[in-house]
């Protein structure tokens with residue numbers, strides 16, 4: 001039961017990184033791939049209907065950690081106090097920026113908030129987890145650089161997949177530019193883990209680069225998503241015995257009763273969540289056209 | 001000042017701030033869903049205009065509720081790691097349920113609603129706003145049962161210095177939760193009703209267009225019904241306090257010694273005889289425990305220490321809650337009477353409704369101060385002291401930094417939100433005849 005809950009939490013974090021990964025990328029790139037207000041709007045509209053639902057994966061992952069492994073949750077969040085504070089600041093200004101953007105006269109402040117609020121968590125999540133694994137500042141910086149560049153690539157590919165015309169063309173160029181940085185950084189960051197999923201993640205990023213070069217946007221997005229999944233898998237495989245230094249998974253876990261009850265509720269609700277969230281992606285499956 | 005004081009200040013600031021937006025989300029979501037339903041059923045265009053107008057105000061506010069809510073979830077781990085480790089087994093479960101059963105539904109269907117005007121069949125689109133609004137209300141239900149557990153812990157045992165849940169159903173149907181959930185959700189509907197009434201008051205003064213009258217009538221009914229729920233559950237809460245949190249009750253009344261036939265002091269010096277005893281037990285001559293006597297008994301039970309909350313804050317927050325809450329509900333009843341059977345809103349009433357905007361917000365904040373400061377010095381009544389809940393490894397400088405960052409950021413956002421709301425209220429409804437929804441190519445509502 002303890003292992004099952006570790007797997008569920010790893011699944012929730014992975015879902016969060018895959019989904020918010022491209023939200024963060026789009027948030028940073030939308031000003032760069034547009035030359036007009038309408039194009040800018042179209043870029044952000046690719047994530048408009050879904051980013052809030054994507055963020056709930058984080059809220060659920062953290063809530064599940066709190067319930068299933070209280071000591072892990074408490075230890076992680078109090079140990080990484082200032083990075084978590086900055087993550088919160090980022091998520092606040094990004095969320096407010098995205099929701100208020102269409103309702104204000106000048107969009108400058110919202111655009112700044114969206115870009116900075118996407119870059120901060122994109123960098124910090126990598127830094128936090130890398131520091132958790134390797135315990136050094138240099139590893140944290142490398143890990144942060146890795147997740148930041150992966151989000152840029154993942155978001156650029158998503159933009160290319162979901163837009164048309166000039167925005168789509170520029171998004172492809174942005175993806176190629178991001179890939180030039182991402183692949184070497186990935187080699188440096190993931191070789192530290194050296195496990196099979198880590199190596200496969202590097203391979204997936206290389207494949208994504210080739211696919212976006214050949215304008216196979218759907219497959220390129222699959223490849224960047226796979227890279228995020230494989231990286232998360234590599235990280236959680238490392239954490240499975242000791243999720244925090246000096247703390248074993250069993251010590252951190254809640255009682256059997258809580259885990260059993262939560263399992264039933266999780267199993268009963270997750271299929272529905274996946275179903276209706278999937279449906280919302282299906283409703284907005286068409287490429288976003290630039291208005292006017 | 002030490003890290004504990006600042007962590008408490010941060011919790012107070014961020015929670016009160018969060019709860020300025022939450023009640024509006026809870027009540028306004030249902031109100032907007034009701035307007036859209038009215039449009040769906042009658043086909044009258046002014047309902048569509050009102051749906052879009054209040055929908056926009058709802059969304060501006062919703063953003064703030066969401067982003068300040070994440071802070072709440074993180075800060076238990078950041079500032080209160082000892083608390084989190086002690087309670088996670090029990091307290092985490094409603095939080096996880098809240099995310100799984102409420103937040104996913106709320107956010108996904110709200111996204112569909114905002115961007116789905118021209119993409120979804122009308123009926124499905126209407127269902128989306130209902131799903132989102134029900135999601136908000138469900139989330140309140142779960143978080144309030146978690147909060148009620150802190151005041152009246154049930155369904156658990158303490159093993160190896162940690163609370164272990166033994167009965168989730170008992171936690172969710174805690175008597176304290178069953179009283180608190182309708183009380184707080186009802187209060188949220190009063191806040192939302194007060195907000196809609198202020199907006200309508202403004203527009204009734206400006207134009208007197210009939211649609212504002214119909215929206216205001218709807219909000220009056222909502223506020224009055226919610227007022228009955230809040231008053232009824234408030235009465236239940238008083239009796240539960242008598243049994244479960246006698247110290248809070250005594251502090252709220254400034255009652256120092258155990259008293260038979262205790263009176264209710266409206267303000268210090270003005271007392272209604274025997275009313276407190278009656279409210280506590282429905283028996284006018286029953287004994288209500290006083291703070292000094294309770295302190296003595298708690299010392300025997302829990303060892304040396306001060307078990308009294310800040311009596312000034314608890315005493316006055318109770319009165320502010322009652323006065324401001326009852327005034328709002330009274331206004332709604334008066335409004336219903338004055339505008340009965342097609343009577344128009346008199347200008348003075350519109351003006352009063354506009355000016356009354358802050359009253360219900362002040363009442364709910366006072367209610368939370370009573371609830372949370374009244375529970376002190378405990379985080380979990382009888383089990384865990386606030387002083388033992390704080391993160392041991394987090395420095396004073398770290399908490400000071402985060403308190404400063406949140407205060408400044410929240411202050412700036414409050415100004416921005418206020419400006420944005422005022423501008424959109426003044427902008428009014430879209431006056432041009434909207435193209436039939438199915439024909440429009442681009443959604444007009446980008447976030």
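These residue numbers are counts, starting from 1, taken along the chain as shown.
The backbone N, Cα and C atoms fix where each Cβ goes, glycine too.
Between the listed ranges B:289-312, B:313-336, TrEMBL ties the annotation transmembrane segment to B:313-336.
For the transmembrane segment (B:348-370), the residues of the chain that approach it from at least six positions outside its boundaries are 15-16, 19-20, 23, 184, 187-188, 190-191, 193-195, 197-198, 200-202, 204-205, 216, 248, 252, 313-314, 317-318, 320-321, 323-325, 327-328, 331, 334-335, 338-339, judged by C-beta separation under 8 angstroms. Within the chain, the transmembrane segment (B:217-234) has long-range Cβ neighbours (under 8 A, six or more residues past its boundaries) at 27, 31, 34-35, 179-180, 182-183, 186-187, 189-190, 192-194, 196-197, 200, 325-326, 328-329, 332-333, 335-336, 339. By number of Cβ pairs under 8 Å, the transmembrane segment (B:15-33) is matched best by B:184-205 from the list B:91-115, B:127-150, B:184-205, B:390-416. Distant neighbours of the transmembrane segment (B:313-336): 187, 190, 193-194, 197, 216-217, 219-221, 223-224, 226-227, 230-231, 248, 251-254, 266-267, 345, 349, 352-353, 356, 359-360, 362-364, 366-367, 369-370, 373-374; these residues of the same chain sit at least 6 beyond its ends, with a Cβ under 8 Å from one of its Cβ atoms.
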